[in-house]
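Asker: Below are the features I grabbed from TrEMBL:
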BINDING   ASP9, VAL10, HIS11, HIS35, SER36, ASP57, ILE58, GLY59, THR133, THR134, ASN135, GLU136, PHE140, ARG143  4-CDP-2-C-methyl-D-erythritol 2-phosphate binding site
BINDING   ASP9, HIS11, HIS43  divalent metal cation binding site
DOMAIN    3-155  domain '2-C-methyl-D-erythritol 2,4-cyclodiphosphate synthase'
SITE      HIS35  site 'Transition state stabilizer'
SITE      THR134  site 'Transition state stabilizer'
Amino acid sequence: MNRVGIGYDVHPFEEGRPLILGGIEIPHTRGLKGHSDADVLCHAIADAILGSMGLPDIGFYFPPTDASIEGICSLRILEKCAALAIEKGYAITNVDSTLIAEAPKVMKHAAAMKEKIAEALGIKPDEVGIKATTNERMGFVGREEGIAAMAVACVEK
Ligand SMILES: Nc1ccn([C@@H]2O[C@H](COP(=O)(O)O)[C@@H](O)[C@H]2O)c(=O)n1
Ligand SMILES: C[C@@]1(CO)OP(=O)(O)OP(=O)(O)OC[C@H]1O
């Protein structure tokens, strides 16, 4: 049995923080604001995997009110999703994602992000899709106020 899930996340930029996307630090003038490391890409992928199994979303397992997870590396969140998949008898077949960011350009970092995400999920790098687009200068992404990400995941029992 194959099942699919969808995930979406957005974080605003904040001065003085590193920009973490797909588990790696990407050189930029600002990072993203969040209770965690604000890795918007990992969060979208996590919700897609959780959704594919009919489980509650990321905030159920990692509440923003939990002081003990402040600054958590979002690869740990993906590891939890992979553990839940095993527990429920699913194998993660593949994930695909799109980053929506006016800046910085991220595709030159895609191979490194795929490696990190795949390692955390226990799948192969070519089972992780990462794409990027600008928002053609429209809306909050277009004004460089933040970065959004969307993802889908497929699991198999
Ligand atoms: N943050 C981004 C946005 C885009 N890219 C790459 O540029 C290509 C063109 O983007 P458009 O939004 O102008 O169509 C896109 O296909 C990506 O390869 C990027 O690396 N980082
Ligand atoms: C993982 C969490 C934990 O606070 O990260 P945040 O940085 O708050 O990010 P968000 O995508 O708003 O919600 C997910 C949260 O559960």
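Cβ coordinates are placed from backbone N, Cα and C, and glycine is handled just like the others.
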Asker: Around THR134 (site 'Transition state stabilizer'), how many other CB atoms lie within 10 A of its CB?
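Answerer: Counting Cβ neighbours of THR134 (site 'Transition state stabilizer') within 10 Å gives 15.
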Asker: Under 6 Å from ligand 2 by C-beta, which of these recorded positions make it: ILE58, THR134, ASN135? Sequence order, please.
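Answerer: Checking each Cβ against ligand 2, the ones under 6 Å are ILE58.
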Asker: Have a look at the recorded positions (HIS11, HIS35, HIS43) and report the one with the fewest Cβ neighbours inside 10 Å.
Answerer: HIS35
Asker: Below 8 Å Cβ to Cβ and six or more residues apart, same chain only. Which residues does that give for PHE140 (4-CDP-2-C-methyl-D-erythritol 2-phosphate binding site)?
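Answerer: Residues satisfying the criterion: VAL10, GLY146.
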Asker: Identify which of the binding-site residues SER36, THR133, ASN135 has its Cβ surrounded by the largest number of other Cβ atoms within 10 Å, counting every protein chain shown.
Answerer: SER36
Asker: With an 8 Å cut-off on Cβ-Cβ distance and a minimum sequence separation of at least 6, pull the same-chain contacts of ILE58 (4-CDP-2-C-methyl-D-erythritol 2-phosphate binding site), or say none.
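Answerer: The answer is HIS43, ALA46, ASP47, LEU50, ILE77.
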Asker: Please go through the recorded positions ASP9, HIS11, HIS43, THR133, THR134, ASN135 one by one and keep those whose C-beta falls under 6 A from any atom of ligand 1; give the result in sequence order.
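Answerer: Cβ < 6 Å from ligand 1, in sequence order: THR133, THR134.
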Asker: 10 Å Cβ neighbour count around ASP9 (4-CDP-2-C-methyl-D-erythritol 2-phosphate binding site)?
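Answerer: 23, counting other Cβ atoms within 10 Å of ASP9 (4-CDP-2-C-methyl-D-erythritol 2-phosphate binding site).
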Asker: According to DSSP, which of helix, strand or coil covers THR133 (4-CDP-2-C-methyl-D-erythritol 2-phosphate binding site)?
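Answerer: In the DSSP reduction, THR133 (4-CDP-2-C-methyl-D-erythritol 2-phosphate binding site) maps to strand.
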Asker: Any idea what the Cα distance is from ASN135 (4-CDP-2-C-methyl-D-erythritol 2-phosphate binding site) over to HIS35 (site 'Transition state stabilizer'), rounded to a whole Å?
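Answerer: Given the Cα positions, ASN135 (4-CDP-2-C-methyl-D-erythritol 2-phosphate binding site) is 25 Å from HIS35 (site 'Transition state stabilizer').
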Asker: In terms of DSSP three-state secondary structure, what is the assignment for ASP9 (4-CDP-2-C-methyl-D-erythritol 2-phosphate binding site)?
Answerer: strand
